[in-house]
Amino acid sequence: MSYEKELAAAKKAVTLAARLSQEVQKTLLQSQVWKKSDRSPVTAADYGSQAVVSLVLERELQPDKLSLVAEEETGDLRKNGSEAFLEDIAKLVKDTLASEESYTSSPLSTDDVLNAIDCGKSEGGCKGSHWVLDPIDGTRGFVRGEQYAVGLALLVEGKVVLGVMACPNLPLASAVCATDNSSQEDVGCLFFATTGSGTYVQSLKGNSLPQKVQVSSNENLDEAKFLESYHKPIPIHGTIAKKLGIKALPVRIDSQAKYAALSRGDAEIYLRFTLNGYRECIWDHAPGSIITTEAGGVVCDATGKSLDFSKGKYLAHKTGIIVTTKKLKPWILKAVRESIEEENLYF
């Protein structure tokens, strides 16, 4: 089945949501406000991004009922005392949509914005079609003016069939070679993939044609690179790297942008192991998983099984997430299993 119409709508939705987030990030950096609280700029970006994506999908696809699995809900926005904050969010959404020529004359009330955000209350599941959204992934990177992502995926009968990810601060060339002197014209990526059609990247500004990407062809673990967030990883990551003989320093990127970077060969390994009891949300991995697998990569748990997105808002797995290339997968699985056994860890 072709998903051309859905892909076009998703690309437009994510591009506009990224535009909103970039405006908020500018304000954030100027004001030096960084804490994510109920009425912080970070939260405004989350709400605004979710509203924009919901409204664009509704307008472009006109479904009988939009099913969106997403992070935000409007309970706090509907409380007394939140009126001014809600007005600020509504203005962000209106201004963003007005920047798209086809939406300039569309009226929008605060109730419209609230209802759009609350479209994200879907539970997902194994039946029907569900959009899955992370409106702002990578809060730490976002507040520092560094890497974050807006990720959107489409689930059909429990399978991810489409993914779009905007990485507004990711260089078009390579995350590894980026410098402080990188031209702003070369920054901002839009990755997208549909099942069976490969993964592509183009400028988020829309001024370049899509280019097909592939994961790294490197088979030498001595030359392989890890992708890690800036916050301190749990110790097993270091144990696994040592077993594999990894010599290169990790490529540090916050958010799902790590999936995107791996899909185009910036690095070969991304591991995500969390503390016991933590449940992974599907919006943190659905967009990135198809972007990586359609580029020739592998996304699985520590037993080698593919991730299951059909169980609702949370992934049904307990053993971490491994993102790598098909060539390196056997070695990484072996190192992961040995490390888990040696450290007597339970996930």
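Placement of Cβ uses the backbone N, Cα and C atoms for every residue, glycine included.
As written in Swiss-Prot, here are the features:
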ACT_SITE  Asp46  active site, proton acceptor
ACT_SITE  Thr139  active site, proton acceptor
BINDING   Glu71  Mg(2+) 3 binding site
BINDING   Glu71, Asp134, Ile136  Mg(2+) 1 binding site
BINDING   Asp134, Asp137, Asp284  Mg(2+) 2 binding site
BINDING   Thr139, Ser255, Lys258, Arg272, Asp284  adenosine 3',5'-bisphosphate binding site
BINDING   Ser255, Lys258, Arg272, Asp284  AMP binding site
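Locations of recorded Swiss-Prot features on the structure.
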residue	record	DSSP (3 states)
Asp46	active site, proton acceptor	helix
Glu71	Mg(2+) 3 binding site	coil
Asp134	Mg(2+) 1 binding site	strand
Thr139	active site, proton acceptor	helix
Ser255	adenosine 3',5'-bisphosphate binding site	coil
Arg272	adenosine 3',5'-bisphosphate binding site	strand
Asp284	Mg(2+) 2 binding site	helix
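Just so you know, the Cβ of Asp134 (Mg(2+) 1 binding site) picks up 30 other Cβ atoms within 10 Å once every protein chain is counted. Using a 10 angstroms CA-CA radius around Ser255 (adenosine 3',5'-bisphosphate binding site), the recorded positions that qualify from Asp46, Glu71, Ile136 are Ile136. If you compare every pair of Cα atoms in Thr139, Ser255, Lys258, Arg272, Asp284, the residues listed for adenosine 3',5'-bisphosphate, the longest distance is 17 angstrom. The recorded positions in question are Thr139, Ser255, and the one with the fewest Cβ neighbours inside 10 Å is Thr139. Over all protein chains present, the Cβ of Asp46 (active site, proton acceptor) has 25 other Cβ atoms lying within 10 Å. Surrounding the centroid of the Cβ atoms of Asp134, Asp137, Asp284, where the record places Mg(2+) 2, the chain contributes additional residues within 8 Å, namely Glu71, Gly138, Ala149, Gly151, Ser255, Gln256, Cys281, Trp283, His285, Pro287. With the fewest other Cβ atoms inside 10 Å of its Cβ, the least crowded of the binding-site residues Glu71, Asp137, Asp284 in this structure is Glu71. Around the Cβ of Ile136 (Mg(2+) 1 binding site), the same chain contributes Ser21, Val42, Ala45, Asp46, Ser49, Phe142, Tyr148, Val150, each under 8 angstroms and 6 or more positions distant in sequence.
Listed in chain order, the extra residues whose Cβ falls within 8 Å of the Cβ center of the Mg(2+) 1 site residues Glu71, Asp134, Ile136 are Asp46, Ser49, Gln50, Ala70, Glu72, Leu133, Pro135, Asp137, Val150, Gly151, Trp283.
Relative to Asp284 (Mg(2+) 2 binding site), the recorded positions with Cα atoms inside 10 Å are Asp134, the candidates having been Asp134, Thr139, Lys258, Arg272. Taking the centroid of the Cβ atoms of Ser255, Lys258, Arg272, Asp284 as the AMP site, the other same-chain residues with Cβ within 8 Å of it are Asp137, Gly138, Ser229, Gln256, Ala257, Tyr259, Tyr270, His285, Gly288. For Lys258 (adenosine 3',5'-bisphosphate binding site), applying a Cβ distance below 8 Å and a minimum sequence separation of six or more within one chain yields Leu227, Glu228, Ser229, Tyr270, Gly288, Val323.
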